[in-house]
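Feature annotations, courtesy of TrEMBL:
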| type | residues | note |
| --- | --- | --- |
| REPEAT | 149-183 | repeat 'PPR' |
| REPEAT | 184-218 | repeat 'PPR' |
| REPEAT | 219-253 | repeat 'PPR' |
| REPEAT | 254-288 | repeat 'PPR' |
| REPEAT | 289-323 | repeat 'PPR' |
| REPEAT | 326-360 | repeat 'PPR' |
| REPEAT | 361-395 | repeat 'PPR' |
| REPEAT | 396-430 | repeat 'PPR' |
| REPEAT | 501-535 | repeat 'PPR' |
| REPEAT | 536-570 | repeat 'PPR' |
| REPEAT | 606-640 | repeat 'PPR' |
| REPEAT | 746-780 | repeat 'PPR' |
Amino acid sequence: MAATNYLCHYAPLLSPSPTLSNSKILCKKKKNTTAFEEKKSVFVDYDAGQHKVTTHVTGLRKADLQKRYRLKVEGDRFQKDWSLSQVVDKILELDPKYDEVEGLLNHWVGRFARKNFPRLIKELTQRGSLEHSNRVFSWMKHQKNYCARNDIYNMMIRLHARHNRTDQARGLFFEMQEWRCKPDAETYNALINAHGRAGQWRWAMNIMEDMLREAIPPSRSTYNNLINACGSTGNWREALKICQKMTENGVGPDLVTHNIILSAYKSGGQHLKALSYYELMKGTNIRPDTTTLNIVIYCLVKLGQYEKAIDIFSSMRERRAECHPDIVTFTSIIHLYSVSGQIENCKAVFNIMLAEGLKPNIVSYNALIGAYASHGMSEEAFSIFNEIKSSGFRPDVVSYTSLLSSYGRSKQPIKARKVFNMMKRDKLKPNVVSYNALIDAYGSNGFLAEAVEVLREMEQDSVHPNTVSICTLLAACGRCGQKANVDAVLSAAKMRGIKFNTVAYNSAIGSYMNLGEYEKAVALYKSMRKKKVTTDSVTYTVLISGCCKMSKYDEALEFYADMMDMKIPLTREAYSSVICAYSKQGQIKEAESIFNMMKTAGCYPDVITYTMMLHAYNAAEYWEKAYNLLQEMEEHNIQPDTIACSALMRAFNKGGKPKQVLILADFMKEKEIPFSDAIFFEMVSACSLLCDWRRTIDLAKLMEPSFSVVSIGLLNQLLHLLGKSGKIESMMKLFYKITKSGAEINLNTHSILLKNLLAVGNWRKYVEVLEWMIDAGIEPSNQMYHDVFSYAQKSVGAEYAAIIQERVGMHILISLSREFY
């Protein structure tokens with residue numbers, strides 16, 4: 001035995017080096033080099049069209065433990081030799097508030113291997129469960145073999161950052177120093193990221209200064225996190241300064257940096273600057289990715305450059321494209337088509353997204369519901385809402401609010417209320433947007449009392465009204481014609497401390513203008529100027545158009561002068577109102593000047609503006625200029641409406657071109673532009689000027705379906721025209737049709753018939769019409785009796801005169817006796 005010990009003791013001296021190496025391998029336990037390698041497994045369900053990829057990590061098992069730990073758990077049936085991934089799955093199945101997470105971990109054999117701890121935390125933090133990670137981390141610190149490590153603390157700080165737990169992340173930062181773990185660059189990056197997510201960019205900058213004082217050089221990730229901290233709050237100027245400092249310190253920006261800068265411009269509302277930065281970025285060697293193009297598409301949509309956004313989207317969908325569209329891209333395009341009014345394309349893009357194998361998220365569904373809601377398509381919005389549920393998603397507040405809004409816009413406030421109540425039943429708390437949508441649903445449909453009640457309910461639920469709430473109520477008051485309620489709403493806003501911005505003032509001024517309260521509207525405008533609240537084009541448009549509706553044309557032009565002094569660009573409606581004001585004042589040259597200014601300013605006239613100019617030229621009897629306007633409208637593919645056509649017809653008739661009236665009428669038939677009384681009147685006048693009796697008969701047939709709604713004066717004119725042309729049979733047929741339609745026939749109608757009948761000598765029909773009048777309770781005039789009696793004496797002889805006297809009877813005698821006495 002002693003010899004054996006001696007040989008073992010001097011073995012290094014007696015044996016050569018190869019034998020020494022082999023003896024060491026035999027004495028030591030082999031290391032498990034594959035314990036923390038990730039092994040992926042794939043499950044595919046071809047019937048359901050689903051697949052699932054899982055990652056399995058074994059970790060150090062029982063066979064890898066030291067002998068003393070193996071012996072300790074060898075005979076204990078409660079000690080389980082689970083793999084690391086199995087432990088993670090079992091932990092996540094437990095409820096951290098009630099279940100014993102520590103008890104489960106105390107039955108895991110792998111707890112005796114210190115190297116399992118970092119990987120365990122990594123697996124849990126990657127799953128994103130904060131409560132489970134905190135319980136496991138707390139248990140871990142109480143283990144005898146635990147050793148505090150930077151990577152564990154870094155992972156926990158990043159997890160708290162993801163959950164916006166800034167204070168807890170900062171607490172971990174100080175705790176790790178108490179455990180004698182010196183923070184490294186990764187620690188500071190995680191802490192900067194935590195404050196950046198919370199919008200605390202000044203804190204983030206202070207942390208970086210602490211990092212520099214500790215002589216830890218910031219990495220590119222550090223700068224990116226700091227830039228993101230500034231950019232996420234819209235502080236794009238500070239983000240640019242840090243980017244410049246980053247370049248000066250020799251750390252060049254990468255694609256992530258550029259994307260963060262673009263995102264900062266986007267958050268700060270600097271969409272033009274974002275596009276300019278993107279153009280500069282294309283000049284570098286850094287190629288944009290899908291995130292870059294998504295930001296660019298968003299900015300283009302905000303600027304109304306829809307064609308460019310569609311071009312980028314189409315290029316991304318090409319087969320050889322490097323950046324393929326993702327869920328965010330398709331959602332942005334759905335929103336693009338929604339704001340541009342192409343609602344059918346929204347569903348088409350959504351179907352393309354499904355066809356390309358992308359699974360829509362709740363944001364995509366909400367974008368589609370919002371598109372339908374903005375156009376009042378409640379049935380389609382409800383269909384998508386149900387589709388959200390069938391797809392396994394839970395509708396959120398945005399989903400319910402969009403559906404509620406769709407019912408409000410489709411004039412179904414009761415259903416909107418049901419959706420609101422359903423939201424509460426599903427344990428979702430309505431936000432201020434939800435309440436505003438319900439207020440609008442009631443207010444826009446005339447239920448002002450219910451809208452005010454929603455405002456009270458809103459305050460009871462501790463949701464504070466904002467300027468949108470007040471604006472919505474003011475608009476409702478204006479629509480309902482409630483003067484007193486406008487004052488009450490303004491008073492309520494003042495009591496609640498709601499400061500009016502430009503939109504709120506515009507809404508209040510518009511409500512007063514709609515109610516004819518000119519003085520109160522002007523008083524609000526003066527208050528707006530006194531409080532230095534910015535006046536915009538909407539403010540002056542409301543004032544100018546309101547003044548024109550109240551025939552206050554001088555005041556309208558005064559507001560226009562103020563608008564010009566402040567160099568505020570005019571809207572199309574403002575241009576039209578100013579043209580109307582000048583034309584009503586007889587200042588045609590000024591109206592024409594504004595019309596030309598409008599075109600040079602790039603705000604091309606619409607059909608309403610052209611109609612204003614047509615009325616102006618008609619009033620000034622500038623017929624040729626009115627004709628030229630029609631040609632200009634045709635050149636710019638602007639189809640005239642009923643009002644514009646009536647103004648043009650009036651110009652043609654008064655300008656001696658009645659043929660053009662009938663040509664324009666044919667154009668209206670082709671384009672299915674509805675005919676009005678004014679249109680029919682001008683057509684009748686044109687037929688009279690042209691003596692076109694055949695066209696007159698055709699016009700009567702065209703007007704026949706509208707006899708019950710057309711004015712009797714117009715029908716009388718048509719009867720007179722047919723009678724004047726000698727078409728007595730056509731005149732009488734038209735009269736029968738008018739009578740059958742239920743139109744209110746008056747004394748003038750019968751007078752036209754009688755004059756034209758007597759003009760052709762048809763005294764028998766004359767007497768018959770007189771009898772119709774008497775039967776209908778319409779008393780013929782003395783002149784009507786006198787005319788037929790005189791005609792009988794002069795033209796038909798004594799024999800027929802006696803017959804006429806007998807037919808008319810006592811009515812003629814009474815009439816003559818009245819005339820005699």
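The backbone N, Cα and C atoms fix where each Cβ goes, glycine too.
Automated prediction, rather than curation, is the source of TrEMBL annotations.
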Other parts of the chain folded back onto the repeat 'PPR' (289-323), taken as Cβ under 8 Å at six or more residues beyond its ends: 255, 258-259, 262-263, 265-266, 271-272, 274-275, 278, 281, 329, 332-333, 335-336, 339-340
Chain residues in Cβ proximity to the repeat 'PPR' (606-640) (below 8 Å; excluding those fewer than six residues from its ends, i.e. six or more beyond): 572-573, 575-576, 579-580, 582-583, 586, 588, 591-592, 595, 598, 647-648, 650-652, 654-657, 660, 671, 673
Summary of DSSP states over the repeat 'PPR' (289-323), given as helix, strand and coil counts: 25 helix, 0 strand, 10 coil
Within the repeat 'PPR' (746-780), residues counted as helix, strand or coil by DSSP: 26 helix, 0 strand, 9 coil
